[in-house]
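Working notes for the structure below.
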Amino acid sequence: MLSFRQLLWLFFNLAFILLSQCTHAKDLKSSCHTCKQIADNFIKGLDQTKKQNFGGGNTAWEERALSKYETSEIRLVEILENLCESSSFDCNHMVEEHEDHFETWWFKRQKKHPDLYKWFCIDTINVCCLKGTFGPDCNACVGGSERPCHGNGVCDGDGTRGGNGRCNCDHGYKGEFCLDCIDGYFNEIRNDTFSLCTECHSSCKTCTGLTNEDCEKCKTGWGEDDEGACLDVNECLNDPPLCKEDQYCLNTDGSFSCKGCDKVCSGCTEAGPDKCQSCAPGYQDTEGTCTDVNECEQPDAVCTAGNQECVNNKGSYICICASGYEEQEGVCVTIPEPGAVVSDDSWFSWLTLYLTSVHDQAKENEEDADTVKRPEEHVDL
């Protein structure tokens, strides 16, 4: 029996092997991508230089003496110098490593093998495969190289020397061969080599057709009626309610949401000040709509301190000093004229108002405390 240390050693070795394989497969895919980019840029370079020449004053003599620019080494060098971004290490390394192959293709193979990508990436340096094949030996993907994954997915490693050839199915499809349908889809057409998965009705979790009557099972938020069709469940009729007191319920297909009531409402059935169950403090019902109460127009004054006036706002009010007065220590006093000397009488008036206010407040607090703490009187029989 293996010891714990031996088991641990075995585990780490297996993990290292698996990680190495994954990294190697990733490197193979990356190498093919780099090679394809180089081949594409080479073709772009051909197009960009097709109207150029040697750049001297006598192009005709230069081409007779030095061969044609079209097939010259100067043109090849100009193209090679612009194949890669300066920051792309992989691209520059591949071009430098295989520069002799580019020269061979340019001078000897170009006419016989005009497809540079196939000649260079697939047949010469062996980093890519033909489309629909994968892996070191360029085996056909699942479903065949003509229609990998039966046209309903992407073959892992397709066109590279990496990957495992398994299918990554398109949305709506599943299974090893991407011929089966996921929940919410059904096979409209199906045979051994072709499958068309079509989306079910929004009420169906699984189905056999397009309508809500073709559901095999209803989605959450939908219920089956007496005839077997899936219909929306109105969660807003639930008892007890699913939303908070300051919210109303909005039903949607297969679900619901809770929305905040208008601030003038104390409970509501829908959005708006005319959908309140009752009005919030500071508001009143006016022909079915909650409107602001103007406390400043009430028969009994709400701002009772001297020299104050009332200012109404939405749902409430505030008391401010009247024009010509300012607040000092909680009391509204006359604002002195600019440059005026404050007389002793003014200070005496202010002090009297202030002390009266403090005395009234203290007396009110004393009466409240006396009401709470006063014991009941008992009469002896």
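Glycine is no exception: its Cβ is also placed from the backbone N, Cα and C atoms.
Taken straight from TrEMBL:
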type: DISULFID; residues: C169-C178; note: disulfide bond
type: DOMAIN; residues: 137-179; note: domain 'EGF-like'
type: DOMAIN; residues: 292-333; note: domain 'EGF-like'
type: REGION; residues: 362-381; note: region 'Disordered'
type: SIGNAL; residues: 1-25; note: signal peptide
- Which one, from the disulfide-bonded residues C169, C178, has the smallest tally of other C-beta atoms lying within 10 Å of its C-beta? C169
- Task: Report the mean pLDDT of the predicted model across the domain 'EGF-like' (137-179), rounded to a whole number.
- Result: 96
- Secondary structure tally of the domain 'EGF-like' (292-333) (DSSP, helix then strand then coil): 3 helix, 20 strand, 19 coil
